[in-house]
Amino acid sequence: MPTEMINESVKDITYDAIKIGLASPEKIREWSRGEVRKPETINYRTLKPEKDGLFCEKIFGPNKDWECHCGKYKKIRYKGVVCDRCGVEVTKASVRRERMGHIELAAPVSHIWYFKGIPSRMGLILDLSPRTLEKVLYFASYIVLDKGTTDLQYKQVLNEKEFREAYDKYGDRFRVGMGAEAIMELLEAIDLEKESKDLKRGLKESTGQKRARIIKRLEVVEAFRESGNKPEWMIMTVVPVIPPDLRPMVQLDGGRFATSDMNDLYRRIINRNNRLKRLLELGAPDIIVRNEKRMLQEAVDALIDNGRRGRPVTGPGNRPLKSLSDMLKGKQGRFRQNLLGKRVDYSGRSVIVVGPELKIYQCGLPKEMAIELFKPFVMKELVAKGTAHNIKSAKKMVERLQPEVWDILEEVIREHPVMLNRAPTLHRLGIQAFEPVLVEGKAIKLHPLVCTAFNADFDGDQMAVHLPLSVEAQAECRFLLLSPNNLLKPSDGGPVAVPSQDMVLGIYYLTLQKPGDIGEGKYFKSVNEAILAYENGVISLHAMIKVRRTGLNAEGVEESRTIESTVGRFIFNEIISQDLGFVDRSKPENFLALEIDFHTGKKQLKKILEKCINTRGATQTAETLDAIKSLGYKYSTRAAMTVSISDMTVPEAKKDIIERAEKQVEDIAKNHRRGLMTEEERYKAVIETWKEADDEITKELLSGLDKYNNIFMMADSGARGSDKQIKQLAGMRGLMADTSGKTIELPIKANFREGLDVLEYFISAHGARKGLSDTALRTADSGYLTRRLVDVSQDLIIREVDCGEGTDEIPGMEIKAFMDGKEVIEGLEDRIIGRYACETIYDDNGELIVKKNHIITPKRAARIVASKAFEDPNATIKIRTVLSCKSHIGVCAKCYGANMATGEAVQVGEAVGIIAAQSIGEPGTQLTMRTFHTGGVAGDDITQGLPRVEELFEARKPKGLAIIAEFGGTVTIKDTKKKREVIVTRTSNDTLESKAYLIPYGSRIKVMDEQVIEAGDELTEGSVNPHDILKIKGVRAVQDYMIQEVQRVYRLQGVEINDKHIEVIVRQMLKKVRVENNGDAEFLPGTMVDILEYNDVNESLAAKGLEQAEGKQVMLGITKASLATNSFLSAASFQETTKVLTEAAIKGKIDPLIGLKENVIIGKLIPAGTGMKHYRNVKLDTDQNQEITFSEDEFDNGNYEGNFSGNDFKQNFYENEDFNSDEEVSFTEDEYFEDEENDLSTENFDDLKFSEEEE
């Protein structure tokens, strides 16, 4: 019996943080396995590494597993032996990926990151300007190291001529140096404690530029003082050599070698270093040595960051060589290419085809792909069943595809879900799990209803398949990722698996009613009889007939009714559950009425599904969806709708309407010639005229179309096309925009039915081309925006249930409906659904609607909005929001409210930050890029669409800036020939205070003379700078403004996003405070600190009676906010990698590994969802003898307490309105959550015996 081998080398390391710092020369020597002395790489004849060279086996380890360089020791039995002939340790070749070497430099060199970065850290700590420093480092100037008895200054910089003069004057009484040696000596001499005290004293006395410089210097000095890094470590005396397998050399076909750029860079350093050593031994003249030292400095610079200073070192074909910094930077760098995204095994990709016969939780997997993916599972089964004797023969069987393999594959595949992913994965619905069904051919079959979520179509799209291996991964796929669990959009909670195109058309045709059709008015004894009559052509699908239905009424007595409807609707109702709430079942006459007795298009289907998910839960909805899909396809086939040219009837009135419009345009032109209107007014009037004509024709056309016209039915059902397309086919094409987006005043009067003439065709070509190029640009912009949003919000996770636990006051905000003038952008109801109320709310009769700190469900929200108090559009209601959450890391479940994707209270561990970023970024592609021109010259551009969203989130000064009043008061408008001014006057403490605002040419004034305004009101039209709002009106106002503006852009495009997603991002943008006066706090003035940390420090200072720090809250754009995060790993992998790492190393930063990115980078489970600590460290002490007994009714009703899957939970949540008041359910939400956090040990299980008595 073989004993189990335990691999000693693999230790289970758990760590909670990562620290970065400067490496001291001692540390570099400690990492190293030996010094690289020669520039040689490998011997060109034997192809073996040269000794002491860049690939030396003695330093880095053997080239082949368990084999030394000279071949004396081969085979694993010599493991760990060091060969006495060649000095190579016998071990695995993979150590060549981890063992480092070093180069001892003959002269110190500076590290370019610290000398050249902005700001230059070396320059700040020495108080030298970067230019001066460069002259010293690169041997152009001398620096005084010791002034002796002369009147030179310490650290004074002398050029060649000044040095000569000083030398002639003072002789040897002073000492100068140049190059990195001199700088190193200066750095060693710095006393950080003394420097810090001096600077702090200087800070109190100085102002302006000088003060700013001192703050910058103090920051660097404090960083060195606190981190334990020594300033002289910025100068290198030893260069580390990275492992050879990370800079490989491979032989090409022609016997030539391809090598990594790193090797060239190292070779130059070694060559120059060896030459310098020789020159020093020979005692060469100073000027030659100096030149060699400068070249060595440049060689090391090129290795660390090629091209940062001077011309980059180039390889063959003038291509700059890739340095260590380039290895980390950008999309191809180490961070984004290898750490944040890796290629994985057990995956494949193929073209997708439609699989209408599949259930919604299935996908078709090609046999060849399945056998490859499930290979190890199949092999294990073969051995277990005894079909194969050992793994080797099992592998052969699988590779030869023997017949018995297929049967086993069928078994293995059962109940083992796979994940499908379509790139680009814009939101979490882009990856879903399905149960595989084996199919012939090589294409993956996809269920048509999940296409919307993947944004997939079948014109050649490809999808990737991934196989979850571990039991946990399979369980997560089944319970979280399986497509029936993803029926709702996380962005707005609407259904995502809505039937489209053919299915919609089929259902529309099925529920159509045509008066006077064959068999109208006939009676049938049952639905089946009616269907039989239809199948035999006695009645039509759309004829109104009467059918007898029988059922149990409210008293439980059987009762029959005659119901009038169409056969189609009877058929449709067979598959729809009859309690969705479309019919009021409390009325006795309705109890047998059809649930869906109306014409059903896409909009209606969406409503049906919404109600179905809310009342029946996921499993039932999935079945209904599949039934709708089958019916839809069946009847769209039966309908056999076609489109022919005769379907497009051009309205009679078209000719007259166009003639009228032409006459009107002629009149406008006449007025313009007579000087009665300006060019801009004329242009606007012409466009307006044609728009009206166009609308009129469209109206005529649509009213003239037959209700049963095929094209009309397609558009009306929502299957494909819209009024716009019908208008172009049979009305007029209308006005077109030119390439700049300005509307061409000459419309296209023809339609496609009549055909366009050459000029019209040419004009319309503009639009077609612009459409395509816009889409391409939009996709890239939208992707980049999503990336920034994810980066700024990725560490926001639900960390606790309630941040206000134990306090009386519930943090929250007053909110009201968003209005744009009279138009509602977002109603109050939309804004309060799924939030927690801060106060108890009653209706008009004083009946309780929702208790304090309980959730507002859709039904409750409807009741709140219906009550009299909320008829006023400005009525407010106080709810909990993410913006007022007091959690220190992440946010709490109650402030977030309901999870949109399940409609229930959000669970601890949900990565709400990433969901928010995806919800905002995913519709980004639909937003128009176009900057709308208000026409004409002077009209200013107001940015809209994607650029506007970007402008808001980056907190930029907007284009078309509105001027706002800094304080409230009375307005007077002065309008003279030269200038227009708005003067705001206010009286404070009996003194008149006024401020004049100059109005630029072309801006429209928004206020009236003598109007009384408030601080922060707009004086001119345009967008407001959010920073101004923050300054004048404060944080609350700017939060509201941001949410409202982002919502405006999305809602105008018809995209619905829940407020809470925008709130999450805005919370991240407003996290920092700029310290203005540090008081007795440790902060440096002018630095940014986290607002929660700032408040905590101030609270503790106040408690001690010390002076508090003063600061102003600042708003950072999302890019800046991402870089200002506590995690240097996350920031470095985002942008400006070298800058982030330079700063982090000097400060000796510690990454607490709180967010998701940093954990992905180091390869730990992410701290969200099931990877959270309190879900991972659960111990189950099971007592074998204990049984859990259910009483029978409980078991049948299935209301056992426990964490059931989202949708069952949701079903209870909706049916049972008072879900979270204690009377109805045996646990409140808090208890429900408390349980999860406990260590589930036996004492919790003791009372799990349910018995009859308790009932």
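For all residues, glycine too, the Cβ spot is worked out from N, Cα and C.
Computed from a predicted structure; not experimentally measured.
What Swiss-Prot annotates here:
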BINDING   Cys68, Cys70, Cys83, Cys86  Zn(2+) 1 binding site
BINDING   Cys803, Cys885, Cys892, Cys895  Zn(2+) 2 binding site
COMPBIAS  1220-1240  compositional bias 'Acidic residues'
COMPBIAS  1246-1255  compositional bias 'Basic and acidic residues'
REGION    1220-1255  region 'Disordered'
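Long-range Cβ neighbours of Cys70 (Zn(2+) 1 binding site) (same chain, at least 6 residues apart, Cβ-Cβ under 8 Å): Cys83, Arg85, Cys86, Val88. In the shown protein chains, 20 other C-beta atoms lie within 10 A of the C-beta of Cys83 (Zn(2+) 1 binding site). In sequence order, Glu57, His69, Gly71, Lys72, Tyr73, Asp84, Arg85, Gly87, Val88 are the same-chain residues whose CB sits within 8 A of the CB centroid of Cys68, Cys70, Cys83, Cys86, the residues recorded for Zn(2+) 1 being left out. Of all the Cβ atoms in the protein chains shown, 16 others lie within 10 Å of the Cβ of Cys86 (Zn(2+) 1 binding site). Taking each of the binding-site residues Cys68, Cys803, Cys885, Cys895 in turn and counting other Cβ atoms within 10 Å of its Cβ gives the largest count for Cys895.
Note on Cys892 (Zn(2+) 2 binding site): other Cβ atoms within 10 Å of its Cβ, all shown chains, come to 22.
For the pair formed by Cys885 (Zn(2+) 2 binding site) and Cys68 (Zn(2+) 1 binding site), distance between Cα atoms is given as 63 Å, rounded to the nearest Å. Cys68 (Zn(2+) 1 binding site) carries neither a helix nor a strand DSSP state and counts as coil.
Cys68 (Zn(2+) 1 binding site) and Cys892 (Zn(2+) 2 binding site) have their C-alpha atoms 59 Å apart, to the nearest angstrom. Reduced to three states, the DSSP call for Cys803 (Zn(2+) 2 binding site) is coil. Summary of the Zn(2+) 2 site environment: with the site residues Cys803, Cys885, Cys892, Cys895 set aside, the chain residues having Cβ atoms within 8 Å of the Cβ mean position are Glu800, Asp802, Gly804, Pro811, Arg880, Val882, Ser884, Lys886, Ser887, Val891, Ala893, Lys894, Tyr896.
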